[in-house]
Number of protein chains: 2
Amino acid sequence: MSNYKIKPSILPGFMELLPIEQRKFNDIVEKITKVYEENGCLPIDTPIIEKAEILLAKNAGETEKQVYAFQKGSNNLALRFDLTVPFARYTSQYFNDLNFPLKRYQIGKVYRGERNQRGRYREFYQCDVDIIGKDKLSIKNDALVISLASKAFKSIGLKDYKFQISNRKILSALLSSLNIESSIDVMILIDKYDKIGEQTFKEELDKLVNKESAKIINKVININGSKDKVLEELELLNIQDEKFTLGLNELKEVTTTLEVLGVYDSEYIINLKIIRGLDYYTGTVFETLLINNEEYGSICSGGRYDNLAENYTNNILPGVGISIGLTRLFFVLKEIGFVESYKLPSKVEYLIIPIGDTLKYCGEVYKKLTESGKAVEMYFEDDKLKKKLNYANKLEIPYVILLGEEEEANKSINIKNMITGKQETLKFEDIF
Amino acid sequence: MSNYKIKPSILPGFMELLPIEQRKFNDIVEKITKVYEENGCLPIDTPIIEKAEILLAKNAGETEKQVYAFQKGSNNLALRFDLTVPFARYTSQYFNDLNFPLKRYQIGKVYRGERNQRGRYREFYQCDVDIIGKDKLSIKNDALVISLASKAFKSIGLKDYKFQISNRKILSALLSSLNIESSIDVMILIDKYDKIGEQTFKEELDKLVNKESAKIINKVININGSKDKVLEELELLNIQDEKFTLGLNELKEVTTTLEVLGVYDSEYIINLKIIRGLDYYTGTVFETLLINNEEYGSICSGGRYDNLAENYTNNILPGVGISIGLTRLFFVLKEIGFVESYKLPSKVEYLIIPIGDTLKYCGEVYKKLTESGKAVEMYFEDDKLKKKLNYANKLEIPYVILLGEEEEANKSINIKNMITGKQETLKFEDIF
């Protein structure tokens with residue numbers, strides 16, 4: 001037993017909460033889970049450690065540098081950096097045992113050794129839904145996953161969010177109709193629009209395309225207003241290109257289905273500047289900003305992809321996915337005061353405090369209460385009454401039951417409402 | 001887009017479930033969580049990766065060889081191998097912000113690179129409760145944690161378990177009263193009793209102690225019967241040793257409190273062969289066996305310790321803890337057929353199937369149902385009716401609502417009970 005103490009600390013970039021905040025975090029997880037499940041999503045849980053060759057099968061680009069990879073024995077291992085790659089592996093592996101269309105959700109921690117910055121975490125929760133079809137999948141599902149995010153936010157009482165929805169086919173077709181060779185560079189530039197600002201964007205764009213094209217691109221990506229207005233203006237561009245028409249029709253179908261699923265027009269805008277980087281998305285893409293707190297970036301993103309698991313299987317698995325980055329969202333919700341005002345009652349309703357040698361009687365009361373479904377805690381420590389009441393106060397337990405020898409003799413209970421302070425003695429048989 | 005496919009697989013020793021079993025696993029987690037919370041336990045969530053110096057502060061013995069340790073940059077990192085060490089670190093780190101007695105629960109994955117064996121996992125869930133006092137903690141809490149396990153098992157419908165309870169002070173005092181020098185070796189040997197069997201045990205014991213002592217040890221560790229009988233026989237040994245008396249009194253207090261907390265005598269036995277290895281336990285120790293399936297070993301263990309966090313703080317933090325090894329338990333429950341008979345209704349109550357171009361009307365019905373709190377899914381794919389009904393069948397969704405043009409025109413719904421097969425047409429206004 002050494003007297004030398006190691007300073008207790010965790011690694012930078014890892015979020016850890018005190019119990020009072022952890023309860024709120026878990027409550028949010030529970031509510032998101034409920035929304036996912038009641039909408040038909042099935043849970044899976046994949047290992048946090050996988051074979052490196054599986055996780056890095058697809059060139060993960062920038063992300064790859066951030067992966068926690070290591071050896072154990074002769075195995076090359078890595079910690080998952082998202083939940084999509086493991087899901088692709090999972091779907092291929094158990095393909096014959098799964099029902100399609102498959103709606104799966106997974107809530108779990110992922111790992112990225114990012115540069116340490118405020119609000120960026122190296123271990124963080126993702127709350128993912130992906131809907132996968134065998135060979136085909138209706139575009140209506142793109143609206144469905146957005147509606148799940150909408151329901152999730154509503155279920156936790158979050159109001160000030162706005163989905164930013166686009167369809168990559170539209171811009172991509174526009175760029176090819178303009179015969180732009182460096183269309184990927186232009187897409188990357190548009191993706192950075194909000195970061196670099198209008199002025200820099202225009203300067204950079206002028207380096208990539210001619211004046212006429214720049215004008216059109218600037219016009220199109222800045223189309224805004226109500227969804228009907230945006231859709232109409234896109235129509236009026238009159239671009240005769242199959243892919244453009246397809247993208248526009250998909251976008252229309254998404255907005256129609258959003259209405260069917262109860263998502264209000266006020267919850268989203270069409271924003272053609274949304275690209276979602278060089279990710280694997282091929283159609284619908286979306287992000288979510290907090291109104292008046294846009295600088296925190298997207299709290300929930302996703303989109304449509306053509307083929308989930310091409311690295312592991314020949315089956316064609318188109319899908320659409322959504323991910324709520326919960327650790328980051330919780331950080332933001334703390335910053336904007338939402339967490340503090342998020343009130344959760346104590347799970348415990350009654351604290352029984354034995355006074356003197358009344359344990360057996362306490363047991364009788366305890367049994368009656370728990371058998372009727374109440375959540376009851378008993379205070380066991382030999383402390384002063386003040387300290388015992390203080391325990392109930394700190395944990396916000398609404399009722400304290402004091403059971404002394406008098407109560408035992410009279411078969412009564414002395415109950416104190418910790419909010420009003422009202423204290424009364426009731427007969428045991430009157431209550432139970 | 002390469003045509004080369006990587007065989008989708010996970011590492012050996014990692015459990016992965018199909019959605020139907022995952023739902024059951026998660027339901028068990030939810031029920032255990034509910035029991036823990038309604039009994040006043042507060043949640044914490046610690047990082048899976050910690051500084052190696054923190055996790056390996058205490059000599060972790062055999063476990064240390066199994067730890068997943070690696071470097072990232074210049075940091076020595078490790079994956080947690082239990083939830084107790086991180087909790088010790090946590091309690092020290094946030095000591096001033098925590099309320100004592102502190103009842104904390106944590107449910108999460110831990111990692112041990114064990115030799116690969118059937119039923120042993122390298123990634124597994126632990127469901128832990130620890131109750132920690134500042135300087136002191138009533139022995140009644142030892143009964144409380146056992147009662148939590150009892151309630152948890154009852155809440156999932158598990159009946160055939162038996163807690164094996166002892167107090168290490170009793171044997172330890174007995175051995176010193178016999179002036180046995182190699183008392184640690186004897187304890188280790190007793191710990192192995194069930195593995196090696198009576199015959200080998202006796203032979204090995206004879207090598208460590210004299211005949212007279214061996215006789216007494218064999219007698220004491222084999223005391224069995226009802227708790228009252230065991231306690232009486234221990235009393236009758238008439239061992240005049242303070243520690244023995246203390247251990248016996250603690251054991252008595254635990255059994256008395258178990259009754260107060262509603263744990264039946266039939267749920268446990270006193271088993272003096274329970275040692276819990278060379279762990280840090282100093283008083284109460286217990287394990288849990290499944291009746292008629294004892295060969296699977298303990299599914300839930302724990303005990304009392306004098307000081308949780310001596311490596312990180314000078315504060316004296318006595319406590320008592322319990323851990324349900326859920327991944328292992330689930331494996332066993334699968335083996336004995338419990339999982340298969342564990343029935344869970346679908347979370348989705350209604351599947352709306354649009355027939356023809358009735359999406360808007362489907363939306364009306366969907367909204368009415370969801371607004372009244374029902375869990376509703378809509379089938380979006382353009383499949384044959386049989387396939388749509390099959391989807392509901394496979395996911396065990398109890399009701400399907402078919403909405404064709406006729407239903408839209410009449411403002412009616414055609415609802416099919418998937419269990420009875422009964423199908424009927426109801427007027428929209430009659431239902432909502």
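Just so you know, glycine gets a Cβ as well, placed from its N, Cα and C.
Annotations in TrEMBL come from automatic prediction, not curation.
Annotation source TrEMBL lists domain 'Aminoacyl-transfer RNA synthetases class-II family profile' at A:26-354.
Here TrEMBL flags A:Asp82, A:Leu83, A:Thr84, A:Arg112, A:Gln126, A:Asp130, A:Arg276, A:Tyr280, A:Tyr281 as L-histidine binding site. Sequence-distant neighbours of A:Asp82 (L-histidine binding site): residues of the same chain at least 6 apart with a C-beta under 8 Å from its C-beta are A:Thr63, A:Val110, A:Gln126, A:Ser323. Annotation note: A:Asp82 (L-histidine binding site) sits in a coil segment as assigned by DSSP.
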Same-chain residues at least 6 apart in sequence whose Cβ lies under 8 Å from A:Thr84 (L-histidine binding site): A:Asp128, A:Asp130, A:Leu308, A:Gly321, A:Ser323
For A:Gln126 (L-histidine binding site), the three-state class that DSSP assigns: strand
Model confidence over the domain 'Aminoacyl-transfer RNA synthetases class-II family profile' (A:26-354) (mean pLDDT, whole number): 95
For A:Tyr281 (L-histidine binding site), nearby residues of its own chain (Cβ under 8 Å, 6 or more apart in sequence): A:Arg168, A:Gly303, A:Arg304, A:Tyr305
Distant-in-sequence Cβ neighbours of A:Arg276 (L-histidine binding site), under 8 Å, six or more positions away: A:Arg168, A:Asp191, A:Val285, A:Glu287, A:Ser301, A:Gly303
